[in-house]
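If you look up TrEMBL, you'll see 12-31, 43-63, 69-96, 108-127, 133-152, 164-182, 188-206, 218-240, 252-275, 287-306, 318-340 marked as transmembrane segment.
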């Protein structure tokens, strides 16, 4: 299968999951522009499984020697049913193999994240109740992002105690996943998320990147804003449990604010790697799309907090279009750089 299946063939299909997830989100907001009841019902599965989980699976599969592991993200693009049937198990195996090979703590953190995804999806199968899986999916993304950031920053001169502090926080977050959400689990997760956000702002290598120019600054600021959203997510868990739009606020400060900020920061490096191209997808025009995304998301969250449903709906719709537009923009930049502009000899840039 590895010789027949190319990673670049999977990426457009992964984006189909994103499109359907966004359409489902629009339907849940009450917009009838592209009504799709099935996408609305499976909104969380489409965004977390068909898109985010499959994208992470693809990112991890392409670095393994055997391309047969591309079967793991392939399951994710077939259907949500295929995700629940076994895709997450494949990601656990991939990350276990990588952790066993390199024996690094950050690899085991990534593996633990994949286990969280597996547990969440199994809960959906057992209960047919998506909210039962939500916190485990949150853990999946958190452990994945933190593990990857530790990989990138393993040579930073941070004090040894800082890593042990982070490990302790992650253990506490995992314990928070085991506690019923409304019986204190949300409070423990909220405190830990807030503190992990502060840890990343203080110790992640993004703090050095923001001092540079161009691509590095774009990534650094994007990461720092994402870490700030993680802190906002933590505060929402701590303070807004009685708010009528509590779930909307904490879910989207996390999955849109934190997770998508990570995607915008890493995509300029990850997407060319999928296509085996040496160029990063960066152009100053990305700042416009990134800024509009952050502004509309912030506006949507404030509208939800202040209970302005029409503003919340309008900004949510616009935000969804901007997400799609960002991927179109990145695709256009990649085509322009690779096919209409001569590549310099050493164009690949180190990820930050």
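Backbone N, Cα and C define each Cβ position, glycine as well.
Long-range neighbours of the transmembrane segment (164-182) within the same chain, counting only residues 6 or more positions beyond its ends whose Cβ lies under 8 Å from a Cβ of the stretch, are 105, 109, 112, 116, 135-136, 139, 142-143, 146, 150, 188-189, 191-193, 195-196, 199, 203, 241. Between the transmembrane segment (43-63) and the transmembrane segment (188-206), the number of CB pairs under 8 angstroms, six or more residues apart, is fewer than three, so the stretches are not in contact.
Within the chain, the transmembrane segment (12-31) has long-range Cβ neighbours (under 8 A, six or more residues past its boundaries) at 37-43, 46-47, 49-51, 54-55, 58, 73, 76-77, 312-313, 316-317, 320, 323-324, 327.
Contact count against the transmembrane segment (287-306) (Cβ pairs under 8 Å) is highest for 252-275, out of 133-152, 188-206, 218-240, 252-275. Here the transmembrane segment (252-275) has long-range neighbours at 7-8, 11, 47-48, 52, 55, 58-59, 62, 138, 141, 145, 148, 193, 215, 218-219, 222-223, 225-227, 229-230, 232-233, 236, 281-282, 286, 290, 293-294, 297, 300-301, 319, 323, 326, 330, 334, 349, 351, meaning same-chain residues at least 6 beyond its ends whose C-beta is under 8 angstroms from one of its own.
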